[in-house]
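Down below is the structure, laid out as structure tokens.
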Amino acid sequence: ENISNFSSNITDCSQVVVPEEVFFTIAAAGILENLLVLIAVVRNKNLHLPMYLFICSLAISDMLGSLYKTLENIFIILCKMGYLTPRGDFEKKLDDAMDSMFILSLLGSIFSLLAIAADRYITIFYALRYHNIMTLRRALVVLAIIWTFCAGSSIAIALFSYEAATVIPFTILFPLMMFFILCLYVHMFVLARSHAKKIASLPTSTVHQRTNMRGAITLTIFLGVFLCCWAPFVLHILLARFCPHNPYCACYMSIFHVNGTLIMCNAIIDPMIFAFRSPELRSTFKKMFCCAR
């Protein structure tokens, strides 16, 4: 907030402000939609599969992002009303906790997408051994390792966020992980056709191959949406740290609220992709709403 106010003084670009009502509406919708995904997976035993566990992990990350922006806006409103002081000890700890939640959401999303990509890769290239390689227990172990690492990293980064040695690895991790997932995609799609020919003699190979490629395409959509929603905010962090006095950087930082809104939009779009691309999940949603009525 201080950087945004400072930026408006050294550039002709006016600060773009998103109404608080819009923030709360988008955040509430994102939390409810992802909560529905979690409930649907828990209730339908057919969805108790490693792939859907990783999808639940992504849904939890989206919920944390929406919750972070909601708490942050409440915090800002209370500061403006005089109930909280921006530089108090309690407020500083509260701010660190919210920053940690934001970083946890970002890291959780990145590693959840990576886990989904790895799962799709195994499904396509090791279709006959998939259920032996990716068991439910192994998926739970992978998620436990991911969230333990993300929680520890988020706390460390939040506590030392003012050090360049902390900011640089954090911002480098984002494009590095995206590049790794992209390489996995390229390898996946290039070799998918040749692999399909090798197993074409099997009776159910065509059906399985179409299903697996459909899952890979779904993951591609997830990744595209994630990049569009999170990349502008990560760029904002870099510019705020390394060139806050540059008029061009300051002009970009004037749309801080818009970038925050994009993060929350990601939490709304992902569940829509779940429902649109997964017939089983869509059927579960219908049964849930019918029972509710």
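Any Cβ shown, glycine's included, is placed from N, Cα and C.
Going by TrEMBL, these are the annotated features:
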type: TRANSMEM; residues: 22-42; note: transmembrane segment
type: DOMAIN; residues: 33-274; note: domain 'G-protein coupled receptors family 1 profile'
type: TRANSMEM; residues: 49-68; note: transmembrane segment
type: TRANSMEM; residues: 102-128; note: transmembrane segment
type: TRANSMEM; residues: 140-162; note: transmembrane segment
type: TRANSMEM; residues: 168-192; note: transmembrane segment
type: TRANSMEM; residues: 213-235; note: transmembrane segment
type: TRANSMEM; residues: 255-276; note: transmembrane segment
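Here the domain 'G-protein coupled receptors family 1 profile' (33-274) has a mean pLDDT of 78 out of 100. Long-range Cβ contacts of the transmembrane segment (49-68) within its own chain (Cβ-Cβ under 8 Å, at least 6 residues beyond either end) map to 26-28, 30-31, 34-35, 37-38, 41, 98, 101-102, 104-106, 108-109, 112-113, 115-116, 119-120, 123, 134-136, 138-140, 143, 146-147, 215, 222, 263-264, 266-267, 270-271, 274, 281.
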